[in-house]
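Colleague: Copying in the features that TrEMBL gives for the protein in this structure:
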BINDING   Lys106, Lys148, Glu184, Glu185, Tyr186, Ile187, Glu192, His215, Asn269, Glu270  ATP binding site
DOMAIN    112-299  domain 'ATP-grasp'
Amino acid sequence: MNYEPGITLGIVGGGQLGRMLTIKAKELGLMVVVLDPKANAPAAQLADKHIKAKFDDKSGYEKLHQNSDIITFEFEHISAENLKMLENQGAIVRPGANTLSKIQDKGIQKEMLQTLTEEELVPKFKVVTNKKQAISAIKEYGYPVMVKLCTGGYDGKGNFLLQDESEIEKLNDLLEKHNKLLIEEYIDFEKEVSVMAAINSKKEKVTFPLVENYHSKEILHVTKAPAEVSNTTHKLAAQKALEIIDFFDDPGIYGIEFFLLKDGRLLVNEIAPRVHNSGHYTIESCNICQFSIHLRSILGLPLVDPILEKKACMINLLGTFEGKLKIDDFNSLFEQPNAYLHLYGKDEVKFQRKMGHVTLTGDDCDELISKANKLNLL
C-alpha cells in the first residue's frame with residue numbers, strides 16, 4: 001500500500017516492542033490500533049485505540065481489520081490462522097501469515113533454512129513425536145543436547161538442556177504436553193551474535209551492523225554494537241541475513257540470531273519476523289532505528305542504509321524483585337551524558353521481567369561496559 005499521513009497501523013501485541021513501534025509510527029503521522037488482552041499494555045498506553053482481546057480471539061482480529069489500513073505484529077506467538085483469515089478478507093498484513101507460520105514453528109523454520117544452501121546453516125536437529133524418536137536423535141548427537149518446544153517458546157522458555165542420561169525422563173513430561181519436540185545438537189559457540197535485516201515491496205534490502213549478545217538465565221541482558229569479530233564475520237553475517245530475507249521476500253524487518261563457532265562458521269539459532277530486543281541500540285546509535293526501518297519496509301517507503309554513528313551498549317532492565325518500580329533507582333543514570341533510559345510502562349516488577357532498557361553510547365565498548373558496571377546495570 002502507499003503511505004499517507006493519517007492511515008491507521010494495526011499492531012497485534014501491545015508489549016514494549018509495540019510501544020516503541022507506536023512512537024515511531026506517530027512520527028510518521030500514523031494512527032495506531034493495538035490488539036492485546038492486557039488492560040494497560042505498554043503499547044496500548046500510547047495507541048489511539050486498544051482492542052482488548054486474546055491473541056486467539058477471531059472477533060478481536062476482525063475488529064483490528066475493521067479499524068486498520070495495514071497490520072503488523074510485535075511478537076510471533078499469535079494466531080497465523082486468524083491473520084490468514086484477515087488476508088482472505090482483503091487485509092494487508094506485513095509480514096504475512098504464511099511467513100509467520102513458517103517461522104513460529106521452530107521445526108518448520110529450521111527445515112526451511114536447510115533448503116536455502118548446501119552449506120550447513122543451522123545446528124543438526126530432528127523433529128520428534130515420541131520418546132523412541134527422541135532417544136534415537138539424542139544417541140546420534142550425544143550429550144549434552146538441546147530439547148526445544150517447536151512452538152510457544154521465547155526468552156529461553158521452552159528450551160531444555162539435557163546434560164546426561166539421568167535427565168532423559170524430562171522427555172516424558174514434555175511429550176505428554178506437546179505433540180512434537182525439536183532435538184538439536186548442543187553448540188559450543190564462541191559468541192552469540194545477531195543482525196537486523198529488512199526488505200520492502202520493491203525488494204530493497206538493508207542490514208544493520210552485527211551485534212554481540214549476552215544472556216542472563218537465557219533472557220537477553222546486554223547487546224554490544226558492533227560485535228567484536230573479524231570483518232570477514234561481519235560480511236558473512238550480512239550476506240546470510242540478506243539471503244534469508246530474500247527467500248521470504250515479505251516486507252518487514254527480521255531479527256536473525258547466529259551462533260559464531262570457534263572455526264568462524266555462523267549457524268542460525270533462530271529468526272524473528274519483527275523488531276527485536278537486540279536492535280534497541282539503534283534508536284540512539286544509528287542514523288535510523290529498527291522501528292523506523294520496519295515501518296518504511298511495510299509501508300513501501302525507500303530504505304536507507306543503516307549506519308552505526310557511535311558504539312553502543314544496550315542493557316535490559318530485568319526485574320530483581322516483586323513490587324513497584326521506583327524512579328529513585330535511576331537518579332545516578334540521569335546524571336550521565338550519553339545514557340538513555342527507556343521504561344516500558346509496566347505496572348509491576350517481576351523477577352526477570354523486562355521493565356525497560358538503558359543504552360549507553362560512546363567510542364569504546366569496553367569503556368561502556370565499565371560504565372554500566374559502575375551504574376549497577378550489570
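Glycine is treated like the rest: Cβ placed from N, Cα and C.
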Colleague: Taking the Cβ of Glu192 (ATP binding site) as reference, which residues of that chain separated by at least 6 in sequence fall under 8 Å from it?
Modeller: Glu212, Asn213, Tyr214, His215, Glu257, Phe258, Phe259, Leu260, Asn269
Colleague: Around the Cβ of Tyr186 (ATP binding site), how many other Cβ atoms lie within 10 Å? Please give the count over every shown protein chain.
Modeller: 15
Colleague: Do any residues at least six apart in sequence from Glu184 (ATP binding site), in the same chain, have a Cβ closer than 8 Å to its Cβ, and if so which, in order?
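Modeller: The answer is Pro123, Lys124, Phe125, Tyr141, Val145, Met146, Val147, Lys148.
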Colleague: ATP site residues Lys106, Lys148, Glu184, Glu185, Tyr186, Ile187, Glu192, His215, Asn269, Glu270: biggest Cα-Cα distance, Å?
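Modeller: Maximum Cα-Cα distance: 20 Å.
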Colleague: Here the binding-site residues are Lys106, Asn269; which one has the lowest number of other Cβ atoms no more than 10 Å from its Cβ?
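Modeller: Comparing Cβ neighbour counts within 10 Å for the binding-site residues Lys106, Asn269 gives Asn269.
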Colleague: Could you give the mean pLDDT over the domain 'ATP-grasp' (112-299), rounded to a whole number?
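Modeller: Looking only at the domain 'ATP-grasp' (112-299), pLDDT averages out to 95.
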Colleague: According to DSSP, which of helix, strand or coil covers Lys106 (ATP binding site)?
Modeller: helix
